[in-house]
Amino acid sequence: MRAAEAARQQRSRRCAGLLVLVVVLVTVAVVLAVVLTLGSGGQLVGGGISTETRIQVDLIEGLQLFNTTYPGVNIIPGPHSFTPALSLSGDTRQVRLPDAVLERAVSLLTTSAEFTILASVRQQPQNAGTIVAFSFDANRFLEVQSSGRTDEIRFHYTRRRQDPDRGGGPPDVHMESFRYRLADDHWHRLAVSVSGHQLDLYVDCHHVHSRVIHTPERNATALEMPLQLWLGQRNERHFRFQGAVQDVKLVFGPHGYLAQCPDLDATCPSCGQFRSLQAAVVHLEKTVEELTQRLRMAEESLKQLETCECQRSCHFNNTFRADGTSWMDGCRICACMKGEVKCRPMKCPTLNCSNPIIENGECCPKCKGECFLNQRSYEHGEKVAIDRCMTCECHDSVMQCSTIIPEQHCPPLQCPPEQRLNMSGECCQFCRDTDYCAQARPECDPHATCVNLQASFMCQCNDGYKGDGKTCEDLDECKSRGGFHGHQCGPNTVCRNTVGSYECDCLPGYQRHDAYMCVERNECLDGSHNCHPTATCVNTPGSFQCHCPEGYSGNGTDCSPICSQPCENGGRCVAPDNCSCRRGFGGPSCEADIDECSVGLHQCHPHSECVNMPGWYHCQCRDGYRADPDYSTLGTTCIDVDECSENLHTCDPQATCVNTNGSYTCECVGLQCTNNCTVGDEVHPHGSSWPDSERACHTCLCLDGVTTCQPRSCDCSDPDVDVTCCPKCDSSSGCFHQTRPNVRFRNGDRWLHQCQLCECLAGEIDCWQQQCPPVACSNPVWPDGDCCPRCEDDPCAAPANRSTAAPCNIAAPPQALASAAHWRTLQAHCPDCRCKDGQLWCGYPGHGVCASGSATARLHVFGGEWRVAGGELITEPPAGLQRPRQRASATVAAEGSTTPPESGTTPPESGTTPPESGTTPPGSGTVLPESGTVPPESGTVPPDTTPPGTTPGSTTIEPPATAGQLSDSAPARDASARGEGAATPSAVDLAHDAPSRT
C-alpha cells in the first residue's frame with residue numbers, strides 16, 4: 001500500500017509540472033502575439049510611433065524622358081538641380097504614364113493605409129489644371145487640381161456608397177476644395193496627404209488645411225475601372241496644367257510629406273497609424289481571448305489528469321489493466337490500448353445445422369442430435385405431421401409426438417353436419433361460409449383489408465401500400481412505371497408520390513388534360529408568363545421566352561430602357577432615349593437648367609432679384625434692401641435699409657441724408673455743401689464713375705451724392721471691350737464638352753457635368769462643386785445618379801385632388817395662378833409649367849412634366865380674376881386694367897382637343913423670341929455635325945444666323961433656357977435678373993396641352 005501511495009504522489013507531481021509547463025507556453029504565446037502585432041502596425045519608440053518604410057513612385061522618372069519625347073513637355077531648370085523639372089505647355093499634349101508605372105501605383109494604393117501626393121509646381125495665373133490624375137476618360141478616380149480662376153486647390157476622390165441590402169453601392173465622386181492661390185507663376189511645394197478619414201494640405205512646408213472626409217476608395221480593381229495615370233492633365237483633352245512641375249511623386253506610408261519637408265513634426269501618429277494601431281489592438285484582443293479559451297481547456301484537461309493514473313493503463317470495472325493486455329468480459333474480448341479499453345464480440349465457429357442453440361454459460365451456439373422417423377432424418381427443432389391429428393417434433397435426437405382429440409380440443413360447431421368441412425392438414429372441422437373476420441376481429445393494419453378464407457382469414461394491404469397485412473407501409477409507385485405497383489403517368493408529367501397513392505403533375509409549360517396526361521400550354525396567350533410589359537413573349541415547347549424590345553436591355557423579365565446619352569442631374573431613363581427629369585432640369589438628357597429667373601417663374605419679392613442656380617433659384621434683395629429676419633415665404637421678403645441711420649450713405653458731410661424706399665437722397669444745407677459722393681476716404685465728383693473696388697466688373701456712378709454700382713455693360717461690337725468681364729465677346733477660342741466631343745461651348749458658357757458647374761473661359765474649362773438647393777425636410781434622400789439631396793414628398797407625385805390648393809405666384813407679369821393650372825410661356829423656348837398646391841413645376845415638353853392638370857385655369861392678375869376656357873377670357877378684368885386686344889397669345893385647349901389660335905396670333909412654336917441682354921443668351925452651345933447630320937436634340941439655326949467664330953459647317957443650337965449652359969457671366973446674369981432688354985409679354989400666354997416645339 002505504501003509503495004502504491006508513493007507511486008501515486010510521484011505521478012501527481014508530474015501532472016503539476018505538466019500544468020506549469022502549459023501555462024508557461026501559453027504566456028509565451030501571448031507575448032509573441034503582442035510583439036508580432038505591434039511589429040506589424042508600428043513600434044513604440046521614445047514616446048512616439050516609428051514610421052513605416054515609405055515607398056515612393058516618381059512620376060517624372062516614370063516618363064523615361066531619356067528615351068521618350070512628349071510634345072509640349074520640355075526639361076527646364078527647377079528650384080534645384082537634383083531632379084529634372086518639366087515645362088508643360090500647349091493644348092494637344094498627351095502625358096500619360098506607362099502601364100507598368102500605373103500598375104505599381106494602383107497596387108500600392110490598394111494595399112497602403114495612407115498616401116501622399118507631392119509636387120513642386122509653378123502654375124500660370126488664370127490656369128485651371130490637373131497636377132496628377134487617376135482617371136478613365138472623363139471619370140475621376142483620384143485627382144489633385146489647382147484653379148487659378150477661383151484660387152482653389154481641389155482634391156477629387158471616389159468613395160463607394162454604402163448599400164445595406166447589397167453590402168455595397170455605386171461609387172460616388174467627391175471634391176474637396178481649399179482656398180489657396182497657387183497659380184501665381186511662382187514655385188510652390190505642394191503635398192496632399194490622405195490618412196484614413198483625414199486630409200491634410202501642405203504648401204511650402206506649411207500645414208494650411210486639415211479636413212475630415214469620407215474614406216477614399218483605393219481599390220480600383222473592385223470598381224472595374226480601367227484607369228490611366230496622367231501627369232499635368234485629367235485626360236487626353238481636358239484640364240491641362242500650364243506651367244512647370246518638379247518632383248511629382250506618390251508616397252505610400254505615414255507622414256509622406258516628410259519626403260518633401262523632412263523638418264516638419266512627425267512625432268504624433270497619423271490618422272492611418274492610429275487606425276492601424278486600433279486594428280492591431282482589436283486583433284490582439286481576439287488573440288488573447290482565443291488563447292484564454294485554450295488555457296481554460298488545458299486547465300480542464302489537467303484537472304481530469306489529476307484524478308487518473310498518469311500512465312497508459314486502463315481502468316475497467318474497478319480494475320487497472322496494463323497497456324497492451326487483453327481479457328475476457330463475458331462473451332467479449334477486451335484489450336487496453338494506450339489508456340483506452342476496446343472490446344469486440346468473441347468469434348464463434350461456423351455450424352452446419354438449421355436450428356443451433358446456446359446453452360447456459362456458453363457463448364457460442366451448438367448443434368443438437370438428429371432424429372430418425374420412417375427412414376428419414378430430422379434436425380433438432382424440426383416438426384412433422386404424422387396424420388391430421390398427430391404432430392411430432394425432434395428434440396436433441398428424441399422425436400416427441402402430440403395427438404389432438406377432436407372431441408376435447410376442437411371448438412364446438414354451430415352448423416349442421418352436412419355444412420361441416422374437413423380441411424387438408426387440419427384435425428378440426430370447419431363450418432362452411434363462416435365470417436372469421438367478424439368472429440375473430442383480426443388486428444389488421446388500418447390500411448389493410450380482412451379477407452375470409454374457408455377455414456380462416458387473412459389481412460391484405462390496400463392498393464398503394466405494402467406489407468403482411470398486419471403492418472402496412474406506403475408504396476412509392478413513382479419508383480417504377482407500369483405494372484401493379486408502378487405509376488401510369490403519361491408524357492409531359494412527373495410522378496409525385498402521396499400517402500397510399502400518387503399524382504401526375506404537369507411539367508412547367510404544360511397544362512392538365514386528364515389525371516394521367518398533360519398537353520402543351522401557351523403562356524403567351526393565357527397571360528401566365530412573367531415577361532416585362534415592354535418585352536415580347538415567344539412560346540416554346542413546354543415554356544416561353546421573353547425578349548426585350550429594341551432600345552431596352554435586360555433578360556426579358558426585367559427590361560430597362562437605354563438612353564444613348566445618360567440622363568443627368570437625377571433624371572431617369574423611362575423610354576429609349578427619353579429621360580424623365582427632376583424639377584428644375586430639362587433637355588433630352590436632363591442636362592438643361594430651367595432658368596426660372598429669365599422666364600419669370602420665380603416667386604421672389606418685388607424688392608429682390610432672382611438668381612438662377614442649377615436646378616433651382618434663390619432670391620437676393622436688391623441694393624437698398626435686406627432680408628426680413630422675422631418673415632419669409634418661398635421667395636425672400638425684403639425690407640428697406642435706412643442708409644441714413646446706419647451711416648451707409650455717401651452724401652457730402654455738409655448734406656442731410658433723407659431715407660427713401662430702397663435708397664436715399666442728399667439735401668444740401670449751406671454754401672460749402674456739394675453734391676459729390678464720399679466713399680471712404682475718397683471723394684468722387686457728381687457725374688463721375690469709377691470701378692467698384694469690392695465687386696469685379698462693376699462700375700459705380702455718383703449722382704447728387706448718391707452712389708449706385710451696376711454691372712459693367714458688355715458691347716461685343718466695341719473692339720476695346722474687356723473680355724475678362726465680358727467673356728462671351730471673346731470669339732477667338734472655345735471649349736469642347738468633356739464627354740460629348742461634338743458639343744462646343746463659347747467663352748463664358750456654363751454647364752453641369754458630373755455634379756460640377758463648369759465654365760469655359762479663354763478656351764479652358766474650369767469646374768467647381770455644384771451648389772444644392774436647401775431642403776425643407778429633416779430626412780432628405782440622395783437617390784443614385786442625383787447630385788443633390790431631395791425630399792421624398794416630391795410635389796410632382798402629389799395627388800391632384802388634395803384638399804388644399806394654394807395658388808402660385810409668378811413674376812412676369814405679377815400674378816397668381818390657381819393650383820392644377822397648366823400653361824406654356826412664350827419665353828425660353830416654351831417651358832411647360834404647372835401649379836401644384838402653391839409650387840411651380842416646370843420642364844420642357846416631354847421631359848419631366850407632371851400629369852395634365854385641369855383644362856380651365858384662373859389667373860389672379862393685379863387683384864382681379866380672369867377665367868380662361870377654350871381660349872376665351874370670360875370675366876372682365878378689374879377696373880383700370882384694359883382687356884387684351886386678342887383673346888390670348890396662345891390658345892387654351894380642352895382636354896384631348898386643340899383650338900387653333902385666331903388669325904394674327906403668333907403660335908408659341910414660331911413666335912417665341914428668346915430674351916436679349918446685349919450678349920448671346922445662355923444655352924448656346926455649338927454642336928458639330930457628325931457624318932453630315934445634326935443630333936436630334938440640337939435645334940436648327942439658319943445659316944445667316946450662325947454666330948461669328950463658329951466652326952464652318954457647324955450648327956449653333958439654342959437649347960431650352962440653358963441647355964448646356966446654366967449661368968451667364970455676372971453682368972449678363974444681373975441684367976437678366978433686372979429684366980433689361982428682355983421681352984416681357986403684357987399678358988399671360990397660355991397653351992394647355994397644345995403641341996409645341998422647343
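Just so you know, glycine gets a Cβ as well, placed from its N, Cα and C.
What you are looking at is a predicted structure, and each value in this text was computed from that prediction instead of being measured.
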- Item | Correct range for coiled coil (source TrEMBL, candidates 274-308, 309-343, 764-798, 834-868) | 274-308
- Task: According to TrEMBL, C581 takes part in a disulfide bond; indicate which of C573, C590 is its partner.
- Result: C590
- Message: With the disulphide bonds as TrEMBL has them, who is the partner of C563, out of C559, C573?
- Response: C573
- Note on the structure: Spatial neighbours of the domain 'EGF-like' (433-473) not adjacent in sequence (6+ beyond its ends, CB under 8 Å) are 415, 421, 423, 426, 485, 499-502
- Message: Is it possible to get the count of other C-beta atoms within 10 angstroms of the C-beta of C563 (disulfide bond)?
- Response: 20
- Write out how many residues of the domain 'EGF-like' (520-560) are helix, how many strand and how many coil, based on DSSP. 4 helix, 16 strand, 21 coil
- Item | Confidence summary (mean pLDDT) of the coiled coil (274-308) | 78
- Message: Does the domain 'VWFC' (733-792) come close to the domain 'EGF-like' (561-591), meaning at least 3 CB pairs under 8 Å for residues 6 or more apart?
- Response: yes
- Note on the structure: Rounded Cα distance, in Å, between C573 (disulfide bond) and C590 (disulfide bond) is 10
- Note on the structure: Judged by other C-beta atoms within 10 Å of its C-beta, the most isolated of the disulfide-bonded residues C581, C590 is C581
- Query: Near the Cβ of C573 (disulfide bond), how many other Cβ atoms are there if near means within 10 Å?
  - Reply: 21
